[in-house]
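Notes for the one structure printed next.
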Amino acid sequence: MFYFLSLWPFKHFRVVASEGVRAMMESALTARDRVGVQDFVLLENYTSEAAFIENLRKRFKENLIYTYIGSVLVSVNPYKDLEIYNKNHMERYRGVNFYEVSPHIYAVADNSYRSMRTERKDQCILISGESGAGKTEASKKILQYYAITCPASEHVQTIKDRLLQSNPVLEAFGNAKTLRNDNSSRFGKYMDIQFDFKGAPVGGHIINYLLEKSRVVHQNHGERNFHIFYQLIEGGEEDLLRRLGLERNPQQYHYLVKGNCPKVSSINDRSDWKVVRKALTVIGFNDDEVEELLNIIASVLHLGNVQYGGEEGSACITSDTQIKYLARLLGVNGAVLTEALTHKKITAKGEELMSPLNMDQASSARDALSKAVYGRTFTWLVNKINFSLANKDESNKNYSVIGLLDIYGFEVFQNNSFEQFCINYCNEKLQQLFIELTLKSEQEEYEAEGITWEPVQYFNNKIICDLVEEKFKGIISILDEECLRPGDASDLTFLEKLEDTVGGHPHFVTHKLADGKTRKVMGRDEFRLQHYAGDVNYNVNGFLDKNNDLLFRNLKEVMCMSENNILTQCFDKEELSDKKRPETAATQFKTSLAKLMEILMSKEPSYVRCIKPNDSKQAGRFDEVLIRHQVKYLGLMENLRVRRAGFAYRRRYEVFLQRYKSLCPETWPNWHGKLSDGVSTLVKHLGYKPEEYKMGRSKIFIRFPKTLFATEDALETRKHGLATKLQAGWKGYSQKSKYQKLRAIAIQAWWRGILARRRAKRRRQAADTIRRFIKGFINRHKERCPENEYFLDYVRYSFLTNLRKNLPKNVLDKSWPTPPAALTEVGQLTVFMELHMEQKMIASEIFKDKKDNYPQSVSKLFLNTRLSKPDLSSFWAQYAVTVTKYDRKGYKARTRQLLLTANSAIIVEEGKLKQRIDYGALKGISVSSLSDGLFVLHVPSDDNKQKGDVILQSEHVIETLTKIAICADKINNINISQGSIQFTVGQGKEGVIDFTAGSELLVTKAKNGHLSVTAPRLNSR
């Protein structure tokens, strides 16, 4: 629960001061002799009102406008601009513990926001204070803080804008210049800001209380009517004023001249008009609604200029001009309106009669209509803003709320009437709630921390609240009874009834019941209530009329017939058929106040109390008498006494230990044990006595401010020692840095030289390249020579790069790009690659998934020769490879060369022809499925030129057999055997080659006379 005390200029909250100096002042309590304490709880003489006010004065003189009372914030109005409300200040308070930074209204706003999000409990901030103390501005600063610091999206930004723009609209229609304040709120306002689970504002709702409608028709000298009238006249466009029948001179209007104060130096009505028009658009008013709203405002001014004449007892309207304007602006019949303003409808024995009004009665009827029209329009305006702010997302109804209550403070004037009675009754209720919740909060904190609660004696103002609101016997009940009873009831008969009913109450006094001394300062038409904040005399004149707040029936009927859509909503036709007498103003206020108390009780409250330092709005002036009066009626001393009844200071263990750990060698620089043990060790080292503190579950409670001050003084002394060490370390570091900088300069110079030389070398190389390129281009058609070789290489590189990017999509695609003339080698290479790919495709058709070592051959190029030192014969051969030939008898291995020509396969030994096999005589080729390189060339057995089939072994068996298949056109005659191969030895004899899988390649003659080949498996099929 938080409580904010503000001494503030009438609506401007900005502060100027060096931020660094301010931070130092707020964090160091040793400055208290000059600037006081930043928490009133730390005042040694906390029961002294003089000490309280002196602390306010000290801080006020130093522009420290905020002070705490425990969780309470105090602000003194500087009456000058001070820069402490920019975005940087908002970020400083965002998400920071309440006591970690200097007192500020942002601290209250942020703490409520964080409590709402972490505890998932609705919050409310109660703002009160006398007129001119800054209540409205305080609520605006809180709204601005949430608008800037909360998460945003496009929809959320719209809601933020509408929340902010609702303020200038409500100020225009509900605020006015008074003797005490140039922008005084003449109504109470409670606003709910709704937040989604992300913490973003998604909606809002406003409830208004007790608009001062009497200001519409009457103002005291030096005061003004509501701002909107002057804004319209000063800022409205010429066409608009002409249409509304208005002149740009407020002196022409009866309702605007009574205070004799049409202009105020601190108010710019013309610029405010622009702000209000823009705000209406942002909130969602369409052009028709704005036009009808301005028609109503203009009609109130015209109503005030309606003049009466005629004979005594029968009033008549002397000019038709105002009636014509009113008929058009209100959308009613002029003749009917004229009759309603000069007659009243009376029902007698079931018949309705029109009774003429005398001039006083007619003037009262006119004023009553003006007040009713303006008051109901203001209520419609609030409802319209609520519709604009409503959260329309059906899927997001589980929102949290922060409420802002901007309500009138306790008022004591020279002449106090019905309005002051209601306002002060409201403040009695709020004070009752405040004391109850303050005590409840204190007690809950003590119980949560395991500290014994000591009961606190305090003044319970329930007795005053009962005096005002008790059923049948309270002042409001007596006032309603007097308003309703038949006969000649008057304000004086009401006063007599009070004397008879509550005359014995200890807090009620009248002139008749008072002693001789009191009678000298009381009128015979006054009664006195002894409020918690002091005695107030109330003049009963006007109590009955203001409580009745009646409007003649025929005037209601005229308004119900209006063609103005706003008035149609304000004056419901069902109201005419309702025979029940409407509730009185006091009863309505009492009921709405009871609902407000329910709302506040359901939320976690923070309090904003606003005080002004002087009545003349002068910077630097501190009026002690005025301050003492406000401190008293705001109950601040009572609050301080409740807060100090137990322990003056309490902080969480981690905060206390972090601040003071340097004072104890055992806790400095870091404490690694339990926080409570660390704090206990620290306070024992500091010499705290048992009666000076208590250890809670998560906090330390210190009873006396002097104990804390002594600790702060010790910390200040310790800081000097730590600062000396830091300075010494910094000086050493600084000198080392200077030395390193000198070394760095030499290194930098050397390195810059290297970089410069590199740049010069690159420039020379670039120039050489350009020259070589130009020479090459000039000699591009000559044979390759030193002058053109660079250019030709570049052309080759460019072609190959382009070829790489534009390769045919299929290996069988023969549309290869034609190389330029200078790149014949590249063209030949391209043809070679084309042939190579064709051979690879044939190898794939023959051996894929059939021969075990085929996959290993895929990545290897097929060459035209495998001879390391090719002899002359290899030059006319299409393919040459070294092979191992096995004899048909005995299987002896002999090294040979296999040459493939256009017509035959030739086996040679060191250039000597050993065997020729014509492709036409080649019957087929056999090879195993294993990874060995053996294959058999089958020839006819009856061929006398051949001695039988040929057994060969090649390390490049896939390549060799592919070449043979292509050259001999035997692609379909290659037999891949799984187990064994039979071959012809000669003269009708046959041999067998057995193939088995093993760990390594081995070729031997088996005992059965077969050739045995063992080969490892490389791939599983």
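Here the Cβ of each residue, glycine as well, is placed from N, Cα and C on the backbone.
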Exercise for review: From the ranges 64-86, 87-109, 593-615, pick the one that TrEMBL records as region 'Actin-binding'.
Suggested key: 593-615
Revision key, fill the gap. Tertiary contacts of the region 'Actin-binding' (593-615), defined by C-beta under 8 angstroms and 6+ residue spacing from its ends, are 1-10, 60, 72-73, 75-77, 79, 105, 108, 111-112, 115, 119, 121-130, 132-135, 138, 180, 190, 207, 209, 401, 403, 405, 409, 425-426, 429, 433-434, 437, 621-623, 626-627, 630-631, 634, 636
Check your understanding: Tally of helix, strand and coil residues over the region 'Actin-binding' (593-615) according to DSSP?
Key -> 9 helix, 8 strand, 6 coil
Study note, to complete from the structure: Ser131 (ATP binding site) has its Cβ surrounded, within 10 angstroms, by a count of other Cβ atoms equal to 21
